[in-house]
Amino acid sequence: MTCSYTPPTNQTVSSVFWFSPKQRHHWWSEDQPEDLLLDGDYMGRVKYTGTEGRSSTLTITDLRLGDSGVYHCLYVSNEGRYSDLTGVNITVTGLQVKTSAHNVTEGQDVTLTCSTSCSLSNNPTFVWYKNGKMVTNRHVRKNNKLYLILLDTQDQGNYSCGVQGHNLTSSAITVDREVTYKRQSICGLKGSSVVMTCSYTPPTNQTVSSVFWFSPKQRHHWWSEDQPEDLLLDGDYMGRVKYTGTKGRSSTLTINDLRLGDSGVYHCLYVSNEGRYSDLTGVNITVTGLQVKTSAHNVTEGQDVTLTCSTSCSLSNNPTFVWYRNGKQVTNRHVRKNNKLYLISLNTEDHGDYSCGVKGHNLISSAVTVDHEVTYNSQSICGLKSSSVVITCSYTPPTNQTVSSVFWFSPKQRHHWWSEDQPEDLLLDGDYMGRVKYTGTEGRSSTLTITDLRLGDSGVYHCLYVSNEGRYSDLTGVNITVTGLQVKTSAHNVTEGQDVTLTCSTSCSLSNNPTFVWYKNERQPATSTPVCSNSSPQAVDTDYENDA
């Protein structure tokens, strides 16, 4: 969705974001809307584009039913925050197959309806599937209905529907041999347990001999890819899986000590004298860890900071989040609300390593450090190809820490690291061999010099110090852009007496007010006019060019 805004001419817009009033229970103050990008319910699913003009486009991916609601665009200017009262109303619908009969007899007619909670636009074309394959047989398809006429045994199975051009497929309805679940999706915390239950209704002429659970993601362990095998026999789940209640027409699966690799779809399967029967839907389990996200790492006294305990899915049962500072539970003056911790007007006592957990569970997130401040003498540098750049960082470890070493790294080089979350020293990186030097690392600062700059050196560079408590850096770093030189001309083919302007162009603004030098036919004019060096030549009738 896109908004347009027109601020008064005396206002300068500094930022634009989107919010939804239905999320106000997550806000610090109910009358102060907060950015959807910071809302745990939308983490990783929201993107803004086109915010540099007088419009902003919000894209929400992986829509969930809970996303239904009104959304507003808000811009912040030097005069305040401005939005509107109307917004855009979004209704998110799933697809559901409704049937006139589940357990049927031969020769019966059944009507299946692909149902939505709102009217889809653009006259959608509905597509029907039986056991995962598109229905193309004798049955009649009209609008959102599938008419199963005079059923025979070949028509029994799991029916689902979709909309042409979309990946979403409804959950399946079973015509005969029905398998259903109490819940269709579960979000589980790493290290905890999940419980799911299925119910099944075999035809009256069938006798059920056994029931087990399987997951299609484990098919690489099966003897045959189209013959599901019991989770109890899978080495990845050994000692962590238990079945209960399998004597009736239901079965309950419990998975303990959840691992991230357990995420996937799980199905119940019953074996009868007629064969093996399951469903196409199953129960989708997402296993999540905990991660602390912060609005600021390097802080100053009196600043406010918001910490968010983030998960990759929405935990059920309204979990209570617990916060820790340096391993001890936070019980002081700071405000805890939902999955957020608001650090108000920080002082030196608030600096430290913050982690989060969920009450009743042992899992603790990795820590985020507030303070251990790392700052730089410049946030961005434009360097000329083949020249050198110099960057200096300063760091302030807590008084109880002893710094043993300092080095520099660049996230763009992570493909060279032993582990993607363990930065490695630029001095050891083959791309920089012989071109990197550190000075001044004995105090609380370090200076990085990169010589013989290459275009591939463009990127962000960070200073990292190692102490007796761990490794500490920052999120900002210094952005280096390496540029060459290019001559641009107002005209190529010219006539005598014509005026022509040549521009010595760079991809970024060189610092220190550089003096440009110009060359004609590879020779510098006798007059000491400003210069353009090290660029490719640009012909203007008699060929002007520039070089270093």
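Placed from the backbone N, Cα and C atoms, the Cβ positions cover glycine too.
Segment annotation: TrEMBL labels region 'Disordered' over residues 526-548 (candidates 296-318, 411-433, 526-548). The average pLDDT computed for the domain 'Ig-like' (285-375) is 81. DSSP assignment over the domain 'Ig-like' (285-375) gives 3 helix, 42 strand, 46 coil.
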